Amino acid sequence: MASQSKNSGLTNKVTTVVATNAFGADVMSEISYTDAKVVGNGSFGVVFQAKMVPSNEMVAIKKVLQDRRFKNRELQIMRKLRHDNIITLKWFFFSSGEKRDEVYLNLVMEFLPETLYKVERQYARAKQTLPVNFVRLYMYQLLRSMGYLHSLGFCHRDIKPQNMLLDSETGVLKLCDFGSAKQLISGEPNVSYICSRYYRAPELIFGSTDYTTKIDMWSAGCVMSELLLGQLIFPGDSGVDQIVEIVKVMGTPTSEQLHDMNPHYKQFKLPELKPHPWSKVFRIRTPAEAIDLVSKMLIYSPNARVSPLMGCAHPFFDELRQDPHQQLPNGRSLPPLFNFTDYEKTIEPDTMPLLLPRAQGSSTTKEPSAAHRNRNTAGEESPRKTEDSQKPATAALSKSPGPSGKALESPPGFLQHDLGNGDHVAVGTMPMEPLTLEQNHFAAESYAVGEDAEDNLEEDVGDENDYDYDDGGQCNSTYISDDMDEASESDDDDFEEEDEN
């Protein structure tokens, strides 16, 4: 149904359209919004921020060119998704374009003001990294959303910080932009030229067309590494250079690993490199559990990668479980993290007991074994670290002033247990108290990063060249990479044929 505009007599124009409810039966009703402004432009559409009338609720409206002969896959998938950590589609409607027979699909979604990428870039400008407790909070919610998504057979295929919306007031993270998502069916081929380059799983680079949802786990590992490092872990300049960057860190894949990634791969010459110990990839103060979790996601063999919910059960997230009554800096409680639905409890029932909160004071945190801590990125045993080997391969680690010019200090609740391996160091001198997240993103312990860290993060924008945006937030619902356009068009991936009846 085409949109209709009505002038309400107010200063700002109110647009009224006939829209369809996103969930349940196709019930159509009039909705009205005002104060629409463009917050993002992408290869396949424009995103507006608007205010609903009369509720004043803020929404994001993603407008994409639609071919009426096809069903838009993004719409079909979003209508099936209901999860606390996935952006909610509220309504959809069609509108006419300037050209004859030009029709646009408009997706009306909930609005969140920030993205993980935007927050990450703020830290990079201040030569800081995101405090580890925010890494913990945000990565948990990302993995939980992926566990739900994958259980339905859907693969996101474009996991990256730009597609993770944040509300700093509530601490909520929501996965967005399902323009590249697809239901993967065993035996049916899919294009390999998908996913933004820096987060693209190696099996995709090696041309696999029968990949699984484990490509999303690789992307999540890249995101977590980026948050810990303050810069991209694999900053490839091209598709081929991307695998070179991966090999530099993880070593040359074995013939068995190549077969696991793509049984039909025709081998070309790769540089013969040995893998680095994970402890040398990250900074000395990076928590051992964080490094261990990354090592379980960034694995060449797709089936060896941890599942999303097993990732949520990892000891890195035990601090969330040990005290579920922690508070955000504004005094609010943490967002719901353990309100698993009856459906979620059936996804991996054996894992569920590991996901639930533990009694405060219980000693359930598992320290990664010494043997595992000393494995390299290929999972092989590495020599014990010497004093010299404890120096990080990346920029030197030090406390550094925040934007206000004052040294950043950690609240008492952010004391870290010294695991005795050089990766965890005690911060502060106060007794341990219930963990309280910092006053704001810049008020917590944060580590200095290299001078080029922001440029490294910026490359993800400039290189892809896929959007223009106002740093206002929800534009990220249309972050679709030009790096993927060709593949999307050739895949039959973005649309499904409309039923004739």
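Any Cβ shown, glycine's included, is placed from N, Cα and C.
Taken from Swiss-Prot, the feature active site, proton acceptor covers Asp158, and the record attributes it to sequence analysis. Residues annotated as ATP binding site in Swiss-Prot: Val39, Gly40, Asn41, Gly42, Ser43, Phe44, Gly45, Val46, Val47, Lys62. Among the features that Swiss-Prot reports, compositional bias 'Basic and acidic residues' is placed at 381-390. Here Swiss-Prot flags 451-471, 482-501 as compositional bias 'Acidic residues'. Sequence annotations record features per position, and here Swiss-Prot assigns domain 'Protein kinase' to 33-317 based on sequence analysis. Residues annotated as phosphotyrosine in Swiss-Prot: Tyr193. Look at Swiss-Prot and you will find 355-427, 446-501 tagged as region 'Disordered'.
Where Swiss-Prot records a feature, it is marked here on the structure.
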residue: Val39; record: ATP binding site; Cβ neighbours (10 Å): 23
residue: Asn41; record: ATP binding site; Cβ neighbours (10 Å): 15
residue: Gly45; record: ATP binding site; Cβ neighbours (10 Å): 23
residue: Val47; record: ATP binding site; Cβ neighbours (10 Å): 28
residue: Asp158; record: active site, proton acceptor; Cβ neighbours (10 Å): 24
residue: Tyr193; record: phosphotyrosine; Cβ neighbours (10 Å): 17
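DSSP assigns Tyr193 (phosphotyrosine) to coil, not to a helix or a strand.
Calculated from their C-alpha atoms, the gap between Gly45 (ATP binding site) and Asp158 (active site, proton acceptor) amounts to 16 Å. Each residue contributes its Cα atom, and for Val39 (ATP binding site) and Tyr193 (phosphotyrosine) these two points are 27 Å apart. Put simply, Asp158 (active site, proton acceptor) is 18 Å from Val47 (ATP binding site) when counted between their Cα atoms. Taking the domain 'Protein kinase' (33-317) as a whole, pLDDT averages 94 in the prediction.
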